[in-house]
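Copied from TrEMBL, the annotated features are:
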DOMAIN    138-435  domain 'Plant heme peroxidase family profile'
SITE      175  site 'Transition state stabilizer'
ACT_SITE  179  active site, proton acceptor
BINDING   303  heme b binding site
BINDING   304, 354, 363  Ca(2+) 2 binding site
């Protein structure tokens with residue numbers, strides 16, 4: 001949850017804190033009590049802020065060294081708060097300094113109650129913070145340097161040769177990574193076959209492509225290093241290499257993901273943003289994955305390449321509402337152009353996402369289309385319906401646009417959503433089935 005959200009939960013943890021032995025002044029003791037019970041401290045009060053950021057750190061450190069579990073938890077929470085603070089700064093929203101440091105009990109009862117919490121909500125937050133920090137730390141660009149040094153290069157080789165034969169696969173492989181990460185995290189669950197798997201979800205069935213490329217990559221990488229490189233890492237690498245292959249932007253890909261063993265069409269139907277989503281729905285769905293408004297706008301820029309099925313356009317062009325057959329937010333001339341390509345009832349024809357280009361190229365033209373009412377999807381048009389996201393759209397749509405750098409940053413962030421690492425999951429021998 002964004003730290004600047006007004007609904008950010010209080011985190012009174014009910015710990016037994018012994019401050020009586022402290023030599024602090026009465027006012028400082030009151031501030032310390034706020035810190036240790038996780039009450040909100042106003043960043044406008046410099047005295048309290050300095051106390052939190054400087055004095056408190058030393059005292060609590062002496063206590064935390066008594067128990068390594070608490071040290072790990074406190075570290076995870078601090079990292080989580082730093083990320084939340086950065087998120088707030090990126091979205092230009094006010095940020096309230098919240099401190100939530102767990103404190104060791106000093107009584108004998110600690111042996112039977114070493115992890116006392118005031119609520120299940122806070123306990124869940126602590127566990128999430130620790131796990132997220134551990135997973136993040138285990139991903140590395142050099143993960144296969146010793147175990148399969150030729151693996152990443154082989155992925156790029158196969159992807160490049162595939163796109164030489166069919167340039168449209170670039171958008172498909174990029175989209176495959178998106179749809180994987182938004183359901184159960186970036187664990188290659190989207191690749192699993194099965195009657196109730198993610199391939200059968202509304203947003204995936206007869207829509208996702210590139211599975212044969214991933215299978216080809218897996219076969220060749222397995223020949224080099226059997227049982228080493230995960231399908232989840234292959235999907236992440238293939239997305240990056242696909243964009244590079246059409247002379248798009250480049251970004252680093254932290255590696256070390258493991259493969260999931262469950263795929264769910266029901267979860268995909270719930271988690272994948274639909275093409276008719278408004279801004280509120282999009283924002284909520286991205287937020288659940290730890291992605292903010294800036295990530296939403298920047299990642300949507302991938303629609304500068306690719307195709308959309310006329311089946312998706314039928315409602316927007318011919319049956320939008322009881323008062324308007326065609327979505328009035330579409331530029332009228334542009335709507336007529338689309339109708340010539342997508343006739344009434346056409347559910348099979350695929351048309352280009354960016355109608356201004358004869359051949360797909362990687363650029364920030366998507367944002368110009370959004371501003372001019374020439375975005376094919378309602379969910380893309382929605383990006384200009386919110387004041388904060390509109391500002392970001394305008395920032396991307398200018399000479400010297402930061403789009404490429406921002407896109408790489410957002411892809412790295414998205415690629416770490418709920419990853420499996422360590423002993424979690426498995427390394428599949430075949431990407432479409434569990435071992």
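Backbone N, Cα and C define each Cβ position, glycine as well.
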#### Entry: CB within-chain contacts under 8 A for residue 303 (heme b binding site), separation at least 6
353, 354, 366, 375, 376, 377, 380
### Message
Just to confirm my parser: what is the rounded mean pLDDT across the domain 'Plant heme peroxidase family profile' (138-435)?
### Response
97
### C-beta crowding around residue 363 (Ca(2+) 2 binding site), within 10 angstroms
18
### Task
For residue 175 (site 'Transition state stabilizer'), just count the other CB atoms lying within 10 A of its CB, please.
22
### Cβ neighbours of residue 354 (Ca(2+) 2 binding site) where a neighbour is any other Cβ within 10 Å
20
### Task
Provide the number of Cβ atoms within 10 Å of the Cβ of residue 179 (active site, proton acceptor), excluding the reference atom itself.
22
## Note on the structure
So residue 304 (Ca(2+) 2 binding site), by the Cβ count within 10 Å over all chains shown, scores 23
### Message
Using the CB centroid of 304, 354, 363 as the Ca(2+) 2 site centre, which other residues of the same chain sit with their CB within 8 A?
### Response
301, 303, 305, 353, 356, 357, 360, 361, 362, 364, 365, 366, 369
### Message
To the nearest Å, how far is the Cα of residue 304 (Ca(2+) 2 binding site) from the Cα of the residue listed as 'active site, proton acceptor'?
### Response
17
